[in-house]
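Taking it in order: structure first as structure tokens, then the write-up.
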Ligand SMILES: Nc1ncnc2c1ncn2[C@@H]1O[C@H](COP(=O)(O)OP(=O)(O)O)[C@@H](O)[C@H]1O
Ligand SMILES: O=C(OP(=O)(O)O)[C@H](O)COP(=O)(O)O
């Protein structure tokens, strides 16, 4: 088991506690559409606040590439957090500089404040020493409760731990314990389902993952890159053509490891990405040039479900389609409900994670039946791959 200091070891009373959380939640039209990540950090916030700590929340939202971007502001999340916590949550529209310093200086014991998106500064992702210093000057203690961002060696997820006494939050602790318990020694066959849209940031980890699982089901936006690498035309679909070589290497690595790669054989396509857009189901070899794949087709879902029937353990990150918009939720909902049924019947250990994956499982009414639902997607897959996560490693020091 991972050994690091937890809140049991921390003296937070009267201290300014920089608490890294993951508030990168699914949102639509300015409203939070899935609150799971917020719910999961409430115990840590409450514990520090009740012990008299001054809670200064650090978080990112989206990928603003080091520049302020009003569309990726954390401001709309503060009132949601306040409602869920049942106490006021202040907001500072910068995470460093005079605005942040002023709001932090005015805190009294037990107060909670959220600072604006750390990724509005290029120093965050660069883990730049000057930016880390600026953040560190706001706190006396650092607590990391963002397991789902622990695969990033950023200033607020890694750098800060070198500067301040550092501890794991309750969610970080619980996630690692639950993953170790559920997947530390998984019963085989193990099936991994990987979909979603973060193709370039997740494709590399598949290379190692294939050595740890018996089948890798590739769906969602991720599948298009593999289909294209196989010479199949995917029209206007989300696809990273420059990763074709990587995709082919993963298929070879899977062959060598005896892992079966399961790719879609049919797809639901549309010409527009909006609710009610006309859609049709076609074989993957017949995707029209002016259309995009927005969901995995029914024949492919049957193949996925057949693999779930054979499996003893499922690990899942990334929806099989653009589930936020009907009817492109069908494959994700069908596979999620099938996995939930098998889990309820005691036939499958099912572990899923990722901000959007959790939202999709909630939408399908399947989340409660899964053996474990992690807040993490990429971090969870990297953990599964056997990789050391920078945000966890630094807490062990
Ligand atoms: N075929 C597709 N085309 C475009 N987007 C897709 C497709 N399949 C899935 N997606 C999108 O993937 C997103 C989730 O991807 P990702 O962020 O990788 O998952 P998670 O947050 O669970 O880790 C969703 O917003 C969904 O709409
Ligand atoms: O949503 C997240 O990851 P996930 O999509 O893998 O679940 C985390 O907040 C990390 O975000 P990032 O992938 O932009 O670093």
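From the backbone N, Cα and C atoms, a Cβ is placed for every residue, glycine too.
Using a 10 Å Cβ-Cβ cutoff, residue 119 (substrate binding site) registers 26 neighbours. What TrEMBL records for 22, 23, 24, 37, 60, 61, 62, 63, 119, 152 is substrate binding site.
If you look up TrEMBL, you'll see 37, 119, 152 marked as (2R)-3-phosphoglycerate binding site.
Spatially close to residue 324 (ATP binding site) yet at least six residues away along the chain are 26, 28, 33, 356, 359, judged by Cβ distances under 8 angstroms. The annotation ATP binding site is assigned in TrEMBL to 202, 324, 354, 355, 356, 357.
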Problem - Sparsest-packed of the listed binding-site residues (62, 354, 355) - C-beta count within 10 angstroms - result: 62
Problem - For ATP, whose listed binding residues are 202, 324, 354, 355, 356, 357, the greatest C-alpha pairwise distance in Å - result: 21
Practice task
Sequence order is fine: just name those binding-site residues in 22, 24, 62, 355 with a Cα within 10 angstroms of residue 37 ((2R)-3-phosphoglycerate binding site).
Solution key: 22, 24, 355
Exercise for the section: Select the most exposed residue of 24, 357, where exposure means the fewest other Cβ atoms within 10 Å, treating these as the binding-site residues. Expected result: 24
Practice task
Would you kindly give the Cα-Cα distance separating residue 202 (ATP binding site) and residue 152 ((2R)-3-phosphoglycerate binding site), rounded to the nearest Å?
Solution key: 12
Problem - substrate site span - longest C-alpha distance across 22, 23, 24, 37, 60, 61, 62, 63, 119, 152, in Å - result: 18
Exercise for the section: Whole-number Å only: compute the distance from the Cα of residue 357 (ATP binding site) to the Cα of residue 62 (substrate binding site). Expected result: 16
